[in-house]
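These notes concern the structure reproduced below.
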Amino acid sequence: MEKDSLSRADQQYECVAEIGEGAYGKVFKARDLKNGGRFVALKRVRVQTSEEGMPLSTIREVAVLRHLETFEHPNVVRLFDVCTVSRTDRETKLTLVFEHVDQDLTTYLDKVPEPGVPTETIKDMMFQLLRGLDFLHSHRVVHRDLKPQNILVTSSGQIKLADFGLARIYSFQMALTSVVVTLWYRAPEVLLQSSYATPVDLWSVGCIFAEMFRRKPLFRGSSDVDQLGKILDIIGLPGEEDWPRDVALPRQAFHSKSAQPIEKFVTDIDELGKDLLLKCLTFNPAKRISAYGALNHPYFQDLERYKDNLNSHLPSNQSTSELNTA
């Protein structure tokens with residue numbers, strides 16, 4: 001990370017427009033004046049500092065992002081640069097410079113004409129999404145906040161994951177803002193405030209998979225408990241053995257109910273797609289499919305052109321299903 005009191009970020013990058021503002025800070029579309037005026041996305045985040053400087057957790061997260069960037073994975077957004085500027089003794093402005101992609105999956109789904117996204121396009125996008133996610137998991141990165149707004153879609157239909165590996169960097173900025181973070185893609189173990197690991201991302205993938213068919217979210221809760229209730233209305237109340245032990249909210253707080261047919265809520269999905277969706281939307285994270293397992297699901301068996309180069313982005317013998325968060 002380069003620190004410059006004259007703000008190198010302001011010298012090298014010319015802001016064109018503000019393109020987003022969320023719990024994590026503002027995002028700007030900008031020109032990179034040192035690289036032919038290419039468009040980039042600037043994400044500006046405020047980080048709490050102390051006498052010792054920037055928190056070690058922040059430095060580690062940036063180091064992980066830098067390491068992932070060396071692989072240039074096709075389904076992960078590129079990180080071009082990181083700049084820091086001290087604002088005060090207790091705060092630093094961190095500027096992350098990413099490649100710019102014009103639309104996210106939310107915009108894409110809003111714009112798609114009737115009758116919706118072709119089933120083959122959904123399959124293609126899902127495979128790319130899972131390939132990017134498996135790459136992150138194989139490098140011990142849990143996304144934690146996967147949703148259509150941070151899945152980018154290029155003009156050629158390439159999927160790129162964004163906003164990963166930044167949970168600790170974002171924590172201070174989020175405490176300063178009142179923006180509500182959506183619950184609609186959160187796994188049951190997160191809603192119950194239980195321990196969690198990579199399976200949380202596969203739950204989010206299941207929600208996104210369903211939304212590609214529906215063009216609207218599958219579970220739209222207004223609070224953690226309401227969200228959990230909406231989930232159980234569809235997938236049914238799990239057995240006692242699948243309810244986490246370390247949570248304040250007991251299984252008995254919810255009415256006993258059976259699972260409803262998923263095709264009632266996700267029409268046009270075929271049998272293999274339904275099987276994959278239910279494996280993602282499995283209540284118990286230990287029984288949920290992994291990203292690597294999902295990539296090898298029969299649903300994708302006719303996408304051999306992707307499987308040919310899948311292994312070039314995976315470490316050998318890497319199990320990705322049980323990585324714990326620190």
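Cβ coordinates come from backbone N, Cα and C, glycine included.
These numbers come from a predicted model, not from an experiment.
Looking up S312, S319 in Swiss-Prot shows the phosphoserine annotation sitting on S319. Ranking the binding-site residues I19, V27 by how many Cβ atoms sit within 10 Å of each one's Cβ puts V27 at the top. Taking the Cβ of T70 (phosphothreonine) as centre and 10 Å as the limit, one finds 7 other Cβ atoms among all the protein chains shown.
Around T49 (phosphothreonine), the C-beta neighbours below 8 angstroms that are at least 6 residues distant in the chain are P55, S86, D89, R90, E91, T92. Averaged over the domain 'Protein kinase' (13-300), the predicted model reaches a pLDDT of 89.
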